[in-house]
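As written in TrEMBL, here are the features:
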- 63-82: transmembrane segment (TRANSMEM)
- 88-107: transmembrane segment (TRANSMEM)
- 162-181: transmembrane segment (TRANSMEM)
- 188-212: transmembrane segment (TRANSMEM)
- 232-251: transmembrane segment (TRANSMEM)
- 263-285: transmembrane segment (TRANSMEM)
- 291-309: transmembrane segment (TRANSMEM)
Amino acid sequence: MKNAERLANLALAGLTMAPLVVKVDPNLNVVLTACLTVYVGCYRSVKPTPPSETMSNEHAMRFPFVGSAMLLSLFLLFKFLSKDLVNAVLTCYFFVLGIIALSATILPTIKRFLPKHWNEDLIIWHFPFFRSFEIEFTRSQIIAAIPGTFFCSWYALQKHWLANNILGLAFCIQGIEMLSLGSFKTGAILLAGLFVYDIFWVFFTPVMVSVAKSFDAPIKLLFPTADSTRPFSMLGLGDIVIPGIFVALALRYDVSRGKERQYFKSAFLGYTVGLVLTIVVMNWFQAAQPALLYIVPAVIGFLAAHCIWNGEVGPLLEFDESKMAVVEGSEDKPSKKVE
């Protein structure tokens, strides 16, 4: 891990904890937290092999429709069923997901302090009565799951904003790290579709805002404010992950060419500008804003302007991550231990 990455991780951890001891302007907190999360997730996504999940053009085109169906389903559940019941079920679901995400997020740090065979030797556990179902894990993953279980338990019992944010940040980092758009064409299709999705559900219906306020789960980051009538500012995880995987693709494109991180810098700057513009407009109109309305044009616009200026539109559009490794090299497969 390079010094810049270490500093970003430390800054993100410090900024997350800071509101416990000092007053932090929520607008500044939103921008810094989101940008640091994207930065950390992008660098974690650079691996010897392409990310495990790659999106096709068809998946990108369907995504806004699938997201709309899920959003409307949640809206109807909260409307016709007990809000407490729905949130109780969702808490159980996110309890398991949270342990997995948080464990995976802190595992690289923990592994450095554990014996080598704890990191490499796999243990295979078969489900009782269903021997065909099995789970593979290492001793290091068990150790990493301990703090993950603690924070998930804390969130389930107290619903504290800090526990919510720690789990939310873990989801964001894992999403950016593990998901791949495959190509910039696919990324443009996805971002354009979600650009329309965000505008429609925020400006033309009460669905998005209603679900965000009712959904008591770590799908949004909470930033404490000094306003007792509005104790928290919110930022949806999608406003970090969706642009984040596009910015991460730009970083891996730079790495694949062995050049300086030029397109990553322009995409990351576009994300920062778009997020700042969202905050400015939100405070100007004192109303919720669809963040992707400002972030998507900024990210795509800054990257497009940069590659047009360099005369490299063709190579960028032809880049297909599924056909190449991000970095040359391979790792030996770990040994397995069956129990």
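Any Cβ shown, glycine's included, is placed from N, Cα and C.
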Note to self: Using a cut-off of under 8 Å between C-beta atoms, tell me which stretch among 63-82, 162-181, 263-285, 291-309 contacts the transmembrane segment (88-107) the most.
What the structure shows: 162-181
Checklist line | Stretch among 63-82, 162-181, 188-212, 291-309 sharing the most Cβ pairs under 8 Å with the transmembrane segment (232-251) | finding: 162-181
Notebook entry, point to check: Per the 3+ Cβ pairs under 8 Å rule, pairs at least 6 apart in sequence, do the transmembrane segment (63-82) and the transmembrane segment (188-212) touch?
Noted result: yes
Checklist line | Intrachain neighbours beyond the transmembrane segment (291-309), with Cβ under 8 angstroms and 6 or more residues off its ends | finding: 184, 188, 191-192, 194-195, 197-199, 235-236, 238-239, 242-243, 246-247, 250, 262-263, 266-267, 269-271, 273-275, 277-278, 281, 316
